[in-house]
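In what follows, a structure is listed as structure tokens, so that the remarks can point back to it.
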Amino acid sequence: MDIVSRQKVRRFEAGTFQEIESSVATEYPLTIYVNDQELVTIVCTPEHLEDLVVGFLTSEGIVRGPGDIDSVDIIEATGHAKVSANFVNKFNAKYRGKRYITSCCGKSRENFYFQSDASLVNVKQNSNLKLTTDRIFRLMEKFEQNSATFHQTGGVHNAALCSSAEIIYSRMDIGRHNALDKIYGRALKDGTATDDKAIIFSGRISSEILVKTAKLGCGIILSRSAPTELAINMAEELNITTVGFIRGDRLNVYSGFERIT
């Protein structure tokens with residue numbers, strides 16, 4: 001399925017209108033069924049969908065990890081993801097229902113977001129990863145080079161998992177949470193250790209994005225944008241280093257200063 005479509009638009013430039021074709025990000029509703037019970041519909045970008053399903057179910061505490069999942073069957077034509085699981089968290093099972101998560105990740109997401117996050121309050125990240133400012137600038141440059149769909153459409157979020165030397169996975173989605181869930185799902189499926197890795201994110205570091213980073217087990221998050229006050233407070237509590245406004249040869253470190261040299 002195409003992740004970008006071409007649409008006719010009227011562009012106003014230099015005092016006149018002209019008809020052109022513009023690239024637009026595809027918006028795709030994916031309904032997840034767990035053991036034949038409808039759980040949720042996520043509006044997403046239609047690529048790396050199995051990664052999204054595994055990452056979402058684990059991140060939201062529906063399952064404990066990929067070992068609880070026997071199979072994931074993605075039916076693109078109908079927009080269904082059918083999951084067979086050998087274990088489903090009983091605490092979260094009561095939240096099953098026809099919920100709809102939009103690409104803007106608004107109030108509909110909160111029903112899921114706060115279910116399994118309370119346990120994170122006292123879970124501090126013990127990452128030993130340290131990054132130099134020069135290494136951060138190089139990683140961000142590579143990240144930007146891997147953001148072709150964003151530059152083409154301006155309508156997606158990008159995320160990456162990286163070591164101190166290289167970017168390991170890059171994922172993009174119209175939903176900022178989805179991009180991180182895709183990273184999480186891929187890492188879980190591959191058995192990739194994350195405690196010595198960092199997250200690079202294209203957008204604002206909100207409290208939700210900070211929590212996603214904590215769930216991934218990463219001790220550093222990097223962004224071209226800024227964190228919110230709540231995200232900084234949570235980062236200090238969870239021992240996560242937040243670095244924002246990475247542009248050109250400057251950056252701001254908001255928490256976890258000892259990991260950046």
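Just so you know, glycine gets a Cβ as well, placed from its N, Cα and C.
As annotated by Swiss-Prot, active site, cysteine persulfide intermediate applies to Cys105.
Residues or ranges marked as Mo-bis(molybdopterin guanine dinucleotide) binding site in Swiss-Prot: Phe245, Ile246, Arg247, Gly248, Asp249, Arg250. All protein chains included, Arg250 (Mo-bis(molybdopterin guanine dinucleotide) binding site) registers 9 other Cβ atoms within 10 Å of its own Cβ. For the recorded site, Arg250 (Mo-bis(molybdopterin guanine dinucleotide) binding site), the DSSP three-state label reads strand.
Summary of the Mo-bis(molybdopterin guanine dinucleotide) site environment: with the site residues Phe245, Ile246, Arg247, Gly248, Asp249, Arg250 set aside, the chain residues having Cβ atoms within 8 Å of the Cβ mean position are Phe137, Leu251.
The Cβ of Arg247 (Mo-bis(molybdopterin guanine dinucleotide) binding site) has 12 neighbouring Cβ atoms from other residues within 10 Å, across all protein chains displayed.
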